Amino acid sequence: MTTDSDTALLFDPALALPSGPAPRRTSVGVRVGSGPGSVQVGGGAPIVVQSMTNTDTADIDSTVEQVAALARAGSELVRITVDRDPAAAAVPYIREKLDKMGCLVPLVGDFHYIGHRLLTEYPACAEALAKYRINPGNVGFREKRDRQFSTIVEIAAKYDKAVRIGANWGSLDQELLTSLMDKNAGSAAPLSVGAVTREAMVQSALLSAARAEELGLKRDRIILSAKVSSVQDLITVYRMVAARSDYALHLGLTEAGMGSKGIVASSAALGILLQEGIGDTIRVSLTPQPGGDRTLEVTVAQEILQTMGFRTFVPLVAACPGCGRTTSTVFQELARDIQTYIREEMPLWRSRYPGVESLNVAVMGCIVNGPGESKHADIGISLPGTGETPSAPVFIDGEKTTTLRGEGIAAEFKTIVQDYIERRFGGAKSAAE
């Protein structure tokens with residue numbers, strides 16, 4: 001029983017908590033690429049989705065095919081490995097073929113060990129790339145490291161390219177780490193090995209960025225990352241980097257893993273940081289199944305951002321998980337079919353029906369929550385549960401509009417969805433024209 005005091009407490013405005021993420025961390029905006037395909041990372045711009053190919057970059061046709069597939073899936077930046085001479089020689093041809101296809105997605109060159117030489121000897125490669133990714137832990141050692149790092153930065157400044165300086169747990173600057181470990185050993189209150197390693201990660205990224213600026217690379221050309229494989233360590237490291245700088249930040253686990261493990265790890269780590277306002281671009285590093293679809297990492301990245309309310313990419317399909325009241329698989333099959341249908345149609349819908357990505361669809365499985373959830377969606381259908389009347393009421397904008405019956409429910413509901421989209425979003429295209 002609720003008392004008067006309980007009721008007052010429930011409606012006390014002072015107890016209400018705001019919904020939504022913390023304000024975005026202020027960061028320097030970095031323009032990656034030029035022309036129609038360019039994107040801004042940081043500076044208040046929408047959080048950018050990026051991905052990476054796993055083809056042999058020297059295989060021009062395969063790389064072009066995969067870059068185009070990733071871009072069609074929604075990747076706004078695509079990184080390619082540039083690890084040897086044939087790969088560097090192929091880059092301008094890859095760019096040319098993509099441009100001819102109308103695929104303007106900016107390409108990021110991933111350099112390790114010999115990036116200084118490849119960028120020097122293949123100037124067409126240096127020009128064709130929109131951004132360079134370098135790892136301060138494997139540019140070189142001592143004087144050689146300084147010289148090789150300087151070469152890459154000077155080339156980036158010459159061509160006005162963005163640079164991601166990416167420290168990695170697995171290839172951390174050993175000189176810096178050893179120095180910090182030695183200092184820690186002599187401390188009156190030494191930190192744990194993990195704490196010192198995290199500090200080394202942060203310092204590696206920040207010191208390298210400061211050196212890049214000294215060499216003439218503008219602040220609005222620098223993006224930082226500090227990647228590890230542990231979710232908790234990643235969260236801590238990025239909090240540290242965010243607190244000490246205003247560089248744009250690239251988020252991602254070094255190796256998230258395969259299947260559901262990789263998806264959960266990335267969602268947990270990135271979700272917490274994004275909720276705290278940290279992060280300007282994300283990549284979900286999933287280990288693909290043999291022959292698996294590389295675009296899955298793009299889909300997961302988009303779903304993280306859309307689920308958290310940062311961006312909208314495709315209409316959301318909400319479906320109940322099922323229980324003993326839903327022994328039929330009809331609602332599961334319909335939810336799957338509608339989700340597939342929407343993703344297949346989105347390339348066309350995106351251009352024809354501006355704003356369609358904000359659509360919410362509900363496919364529910366029984367009378368308990370079905371009608372209510374369906375009313376909250378833009379379009380919803382409540383399928384019959386076990387023992388219920390074999391009919392499926394359809395709700396549009398909160399109002400029941402029709403009831404579907406028989407074997408053609410799925411096809412009829414798809415038609416209703418298509419008609420609603422044309423009616424609600426078709427006018428936006430006409431108005432724009």
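Even glycines carry a Cβ here, placed using N, Cα and C.
Record note: Swiss-Prot gives C320, C323, C366 as [4Fe-4S] cluster-binding, and the candidate from E357, E373 in that site is E373.
Considering only the binding-site residues C320, C323, C366, the Cβ with the fewest other Cβ atoms within 10 Å is that of C323. According to DSSP, C366 ([4Fe-4S] cluster binding site) is assigned to coil rather than to any helix or strand. All protein chains included, E373 ([4Fe-4S] cluster binding site) registers 19 other Cβ atoms within 10 Å of its own Cβ.
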